[in-house]
Amino acid sequence: MGMASGKSRKSLAFVFNYLIIRVRLPFHAFTYSTSNSGSRENVQNPNQNRNQILKSVRDQCKARAFRNLDHALDLFDRMLHLHPLPSIQDFTQLLGAIARMKHYSEVITLIKKMESVGISSNVYTLSVLINCFCHLNRVDFGFSVLARILKLGYQPNRITLNTLVKGLCLQGNIAGAVSLVEEMKKKGYEPDAITSGTIVNGLCKIGETRVAIELLRKMEKGNFEPNVVLYNTIIDSLCKDRMVTEALNLCFEMKSKCVQPDLVTYNSLIQGLCNFGQWKEAKTLLNEMVQRKILPDVKTFSILVDTICKEGMLTEAEEFFHEMIQRGIKPNTVAYNSLIDGYCLQNKMDDAVKSFNMMVERGCLPDEFSYNILINGYCQNKRIDKAMGLFREMSNKGVTPDVVTYNTLIGGFFRVGRPHAAVELFHKMRAYGQHPDPQTYAILLDGLCKNKHFDEAMTLFQEIEANKLGHDIVIYNVLIDGLCNAGKLTAAKKLFNSLPTKGLQPNVRTYTIMIKGFCKEGLTDEASGLLENMDGNGCSPNDRTYNIIIQGLLQQNETSKAMELVKIMVDKGFSANVTIVSMLVDLLSAKPGDKELQELLQ
């Protein structure tokens, strides 16, 4: 890429028209330290081993062998002390290597240092600099470097412009990236696979999968043939958008165009199918990929094990797990966690512990999810002492308990009737610097109410309100429910009526709780009035709401009203629960000739 003509430079003025950025190269905005590279020890005689130093730099850059920043910085210092100074090409190679190690701020500072001793950057150096600014989320500075490239009389290459496109996408400015690509095309820069892939990836990340597909169709009509990476990006996005049928169709289409799916394709599709519980179809895909000589990896098996465990099919999950090991694939923490969770879901705690121990024995370190799964299993089985033993083990093993850990244990203490221990753990949680979330407060309020510690519950609630710790309808639902169950209907009604003033709207659960509270006290008129208000407030009753009020009406012998609501409920596609059906059968026994009842029970 040599010097461009004046006409060529003018042809790139679109960059300025596009972003209107005329900023000098802003080195001053980046004042990162460079590990005191100027005073680094062990700098040898400047003229000693010149060829050896440069050969080392070139060889390691070519082999992409740099892994250690200090080593790269040491070589950079040695190069600065050589006489004569190495070429800008050698410096640029090393700067590129440091950028590949993701030390972007170091590169910016090194370029400034390099230029301060009289070494002028070339277009490749400045392209590296643009890349660094884009990764640091400063695309505006990247464009100012592009301005410098143009001012120097160079014409940027496709790599430079692709970097800016990627930078815009990383900022979420997909519209800007698309506009830049369109301008590039007008000026003779045809998008390549990287350009198109970057735009498609950006569109998919912001949920614009349909637009990404439209772009794919445009590419197919043009001279560009989409590759497997591009198809994979869209297929994965479709699966995440729960559009698995469309993803499967696109996979079939790519195969018909001789673009062969790879491991990434199959993993995305298997994950998508498993998210819908279609593990049999996922298993069919597994067999297909094996027939195509595409070997499944640990992610493939982890997805299947997790899904099948959640379906309660532990035997099949164990078979997949053992098949993974037989294929020489070492299970990772995710795979073990899925199996452990499967055992816990079926209350097979001994098997869960065996799998946990096997994971440790095989050198796979448990994470907070591993411990949380086991702790939850023990809490569900009311074995709180075992759960607390694991909690202490976590800290000893350097695994930090998170909010889920504390929430599970607090709920576990309430479950075994130890509210004081639950509250004590809550205080320890805050003392240890772990911030409670709305779920923490919901668990505390629910546990205190169910254990009849209403004064403590109200004190906590006042603290929540005063400090805005959990402005969440779930927390209010818990307290309203607790008050209703305790027969404190007046207080519950007052809290319910105050919700709009707090900026909260009752949801279907809030209404259902209040309707249940009214029915419990025999106040069916109030319950019916609240039911009528639901639709007016844009909150449709669900099957539980109808069953509760119908049961309340039947208990008060308001059979006609109950029958009307049963018809409405059935018309909406809901079913009466066992209690309602039993009550209706009893009514029919008392009134064997009631045709209306007979029709309902049919």
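Please read every residue number as a count from 1 along the shown chain.
Using N, Cα and C of the backbone, Cβ positions are placed for all residues, glycine too.
Per TrEMBL, the features are as follows:
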type	residues	note
REPEAT	122-156	repeat 'PPR'
REPEAT	157-191	repeat 'PPR'
REPEAT	227-261	repeat 'PPR'
REPEAT	262-296	repeat 'PPR'
REPEAT	297-331	repeat 'PPR'
REPEAT	332-366	repeat 'PPR'
REPEAT	367-401	repeat 'PPR'
REPEAT	402-436	repeat 'PPR'
REPEAT	437-471	repeat 'PPR'
REPEAT	472-506	repeat 'PPR'
REPEAT	507-541	repeat 'PPR'
REPEAT	542-576	repeat 'PPR'
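Across the repeat 'PPR' (332-366), the DSSP tally of helix, strand and coil residues reads 26 helix, 0 strand, 9 coil.
Taking DSSP states H, G and I as helix and E and B as strand, the repeat 'PPR' (367-401) has 26 helix, 0 strand, 9 coil.
Within the model, the repeat 'PPR' (157-191) carries an average pLDDT of 82. Beyond its flanks by at least six residues, the repeat 'PPR' (472-506) meets 438-439, 441-442, 445-446, 448-450, 452, 454, 457, 461, 464, 513-514, 516-518, 520-521, 523, 537, 539 of its own chain at Cβ-Cβ distances under 8 Å. Cβ atoms under 8 Å from those of the repeat 'PPR' (332-366) belong to residues 298-299, 301-302, 305-306, 308-310, 312, 314, 317-318, 321, 324, 373-374, 376-378, 380-381, 383, 397, 399 of the same chain, restricted to positions at least 6 beyond its ends.
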